[in-house]
Every structure is written in C-alpha cells, then in structure tokens.
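Below you'll find the structure, written out as structure tokens, and then a few comments.
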Amino acid sequence: MNDVECAVELAGGAGDVLKRVRAQALERGIGGRELKDLGDRAAQDHLSSGLARLRPNDAVLSEEAEDDGGRVSHQRVWIIDPLDGTREYSEHRDDWAVHVALWEAGRLSAGAVALPGLGTVLDSGPHGQAAGAAPGEPIRIAVSRTRAPAVVEQVARRLCATLVPMGSAGYKICAVIRGEVDAYIHAGGQYEWDSAAPVAVARARGFHTSRIDGTPLLYNRPDPYLPDLVVCGPHLAQRILEAIAEGDLP
Ligand SMILES: Nc1ncnc2c1ncn2[C@@H]1O[C@H](COP(=O)(O)O)[C@@H](OP(=O)(O)O)[C@H]1O
Ligand SMILES: [Mg+2]
C-alpha cells in the first residue's frame with residue numbers, strides 16, 4: 001500500500017466509524033458535547049491504531065493527541081484531524097470531514113479527505129484533473145458558517161462575490177475542488193491539521209493554496225498554529241490576494 005492509499009484507507013475507515021457512532025448515539029438519545037467527544041475519540045483511536053499498524057516508524061501530529069514536539073525532527077509526519085467540523089457532525093449535518101496527510105522532508109507528499117456525508121474520499125493521487133473551471137459571476141466564496149472572518153466579508157464586497165457558509169475546513173476546500181464554490185478564504189485562527197490533508201489534495205489537482213498574504217502554507221512547524229489560508233482556482237488567485245491586500249481601505 002503506498003502512502004496515498006494508506007491515507008485513503010485510514011480516512012475512509014474513520015469516516016465509517018464516525019457514521020456508526022453517530023447512528024448509535026441517536027438511538028440512545030446522545031447528542032451535543034457528548035456526541036462530539038465520542039466522535040473525536042473514536043476517530044482518533046481508529047487513525048492512531050491504523051498508523052501504528054501500517055506506518056509504525058512515522059511520527060504523528062493530531063488535533064486529538066498530545067504533541068511533545070519530537071515530530072519536528074522526523075522526516076515523515078502524519079498530520080491528522082480525526083473529525084473536522086465537529087459541530088456540524090453533532091448537528092447531524094453532512095459538512096464534516098476526516099483529514100489524513102503525510103508531510104515528508106519539507107512538503108506535503110500525500111493526503112486524503114473523507115467526506116462521509118457525501119459518501120466519498122478525495123485524495124492527492126494523480127487524477128489529471130484540470131484546476132477548476134473558469135468561475136462564473138458572481139464568484140462564490142466558502143466561509144465558516146459559525147465564525148465568518150471580517151476580511152472575507154470585505155473581500156466578498158470588493159469582488160461582488162457571494163458567500164456560501166459551510167462547516168469544516170476540509171469540507172470547504174473540497175467544495176472548491178468539487179466545483180461547488182470558487183474559493184475558500186479563512187483568517188483569525190486554525191491549526192495545521194485543519195488544512196494539511198485538503199491542501200495536499202487541492203495542490204495535487206492544480207489549485208492555488210497559500211496564506212492570505214500570498215506566502216506558502218508550511219507544515220510540521222514547532223507551533224502548529226496556521227491561522228489563515230486561501231484556496232481557489234489558479235486563475236482567481238491574483239484577484240483574491242489583491243482584494244485581501246487592500247486591507248481596511250474603503
Ligand atoms: N478562529 C479559530 N481558531 C481556531 N480554530 C478555528 C478557528 N476558526 C475555525 N477553526 C477550526 O477550523 C475548522 C473549521 O471551522 P469552521 O467550520 O468554522 O470553518 C474547525 O475545526 P474542528 O471542527 O476540527 O475543531 C475549527 O475548530
Ligand atoms: Mg479541524
């Protein structure tokens with residue numbers, strides 16, 4: 001099994017576990033915080049035991065595990081978010097995801113994002129897919145449905161774009177890849193596990209991925225805080241980055 005196949009197997013398996021956990025919780029009348037915790041724990045257990053079995057020599061950075069920083073000196077580090085869009089998962093919505101990425105010697109070398117609500121897993125393997133169709137007007141920008149950053153609202157006004165609220169960073173990046181929206185912009189806080197796997201998939205298919213100031217998204221840093229990003233078709237990147245750079249000017 002190569003690394004991409006490994007990522008697909010693990011993300012898809014964790015997605016199946018999460019769906020089972022949620023169905024059983026519904027039958028037992030469990031929801032809210034308890035369901036979020038059950039899901040986080042079950043998906044983390046599935047991924048950590050799978051990585052220990054399939055890739056025992058690699059390091060792991062997970063949203064749901066202690067990080068002692070030892071991974072920084074490793075050449076191969078799996079960056080995982082067992083349940084991205086925890087809130088939406090607990091609300092029985094479809095916009096949540098499982099992220100499994102591999103960072104290898106300075107770059108993301110493999111990734112898979114399970115979208116269990118849509119019954120699919122997207123991966124960073126060779127697909128020969130063009131990087132998105134030219135966007136129609138107005139441009140559609142995916143944004144957090146619960147904490148839309150002010151900068152995204154400003155950019156939408158400048159570009160006369162439509163905002164499309166959704167949960168989960170992975171689900172939103174996959175919405176760009178799937179052509180449901182033209183861009184995803186986020187600012188104000190996030191961590192490497194929120195974007196590593198979907199960014200690996202987006203890059204493999206030719207999409208633009210960067211910080212909102214246009215600099216590269218870097219992974220396996222000592223501090224995994226990675227607060228902002230832009231993902232869009234390459235033809236839109238310059239317009240969006242310029243609109244962001246205009247800052248608070250009217
Ligand atoms: N300001 C912020 N600070 C820290 N994490 C944030 C954040 N805004 C969004 N995120 C994280 O990014 C993911 C997508 O958020 P959203 O659905 O609002 O777009 C969520 O991951 P988790 O669900 O794994 O916690 C959320 O916790
Ligand atoms: Mg997350």
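Every residue, even glycine, has its Cβ placed from backbone N, Cα and C.
Look at TrEMBL and you will find Glu63, Asp81, Leu83, Asp84, Asp194 tagged as Mg(2+) binding site.
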Cβ proximity for Asp194 (Mg(2+) binding site), under 8 A, sequence spacing 6+, ordered by residue number, returns Glu63, Asp81, Asp84, His99, Ala169, Gly170, Leu226
In the three-state DSSP scheme, Glu63 (Mg(2+) binding site) belongs to coil
Lowest 10 Å Cβ neighbour count of the binding-site residues Glu63, Asp81, Asp84 is held by Glu63
Listed in sequence order, the binding-site residues from Asp81, Leu83, Asp84, Asp194 whose CB sits under 6 Å from ligand 2 are Asp81, Asp84, Asp194
Apart from the site residues Glu63, Asp81, Leu83, Asp84, Asp194, the 8 Å Cβ neighbourhood of the Mg(2+) centroid comprises Ile80, Pro82, Gly85, Thr86, Ala97, Val98, His99, Ser168, Ala169, Gly170, Trp193
